[in-house]
Amino acid sequence: MSVPPASDAAAGLLGLVAHDSKKHDMVAWAVEHRATLARFDIVATGTTGGRILDACPELRLTRLKSGPLGGDQQIGALIAEGRVRALVFLVDPLTAQPHDVDVKALMRVALVYDIPIALNLSTAEMLIAALEAEAG
Ligand SMILES: O=C(CO)COP(=O)(O)O
């Protein structure tokens, strides 16, 4: 991975992650808000990031490892380093995840560092509206 250096990320990174059944929603959300997303350096788990880049190739998006292979932990580490401005993590509450401990750890570290975290689409809409308003 090659995450932009901290000095280049004045606005902070935006983290984007979606479980499989939520990837369609994530891509539609990214397409709808691509102009706002383009203002950020984005980090995403591998498969989610690939799907977003297919739809929005202009975005500055770094794909980390796939979630079950450590991608959630990579984003968690960036949060712990104070690099992440906000996280959109579209979670599937109806399907057991093999890496459930990583999912919980990512949510937990986002809570520990008190970063805005959207776990469903309706909150993702509110979050992006707030980021848009902040940018003016
Ligand atoms: O599993 C994930 C989040 O827990 C997402 O990982 P992918 O984007 O690689 O599917």
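Keep in mind that glycine also has a Cβ here, set from the backbone N, Cα and C atoms.
In the record from TrEMBL, residues His19, Lys23, Thr45, Gly46, Thr47, Thr48, Ser66, Gly67 bind substrate; the candidate from His33, His99 listed for the same site is His99. Cα separation, Ser66 (substrate binding site) to Asp72 (active site, proton donor/acceptor), rounded: 8 Å. If you count neighbouring Cβ atoms within 10 Å for each of the binding-site residues Thr45, Ser66, the highest count belongs to Thr45. Among the listed binding-site residues, namely His19, His99, the Cβ with the most fellow Cβ atoms inside 10 Å is that of His19.
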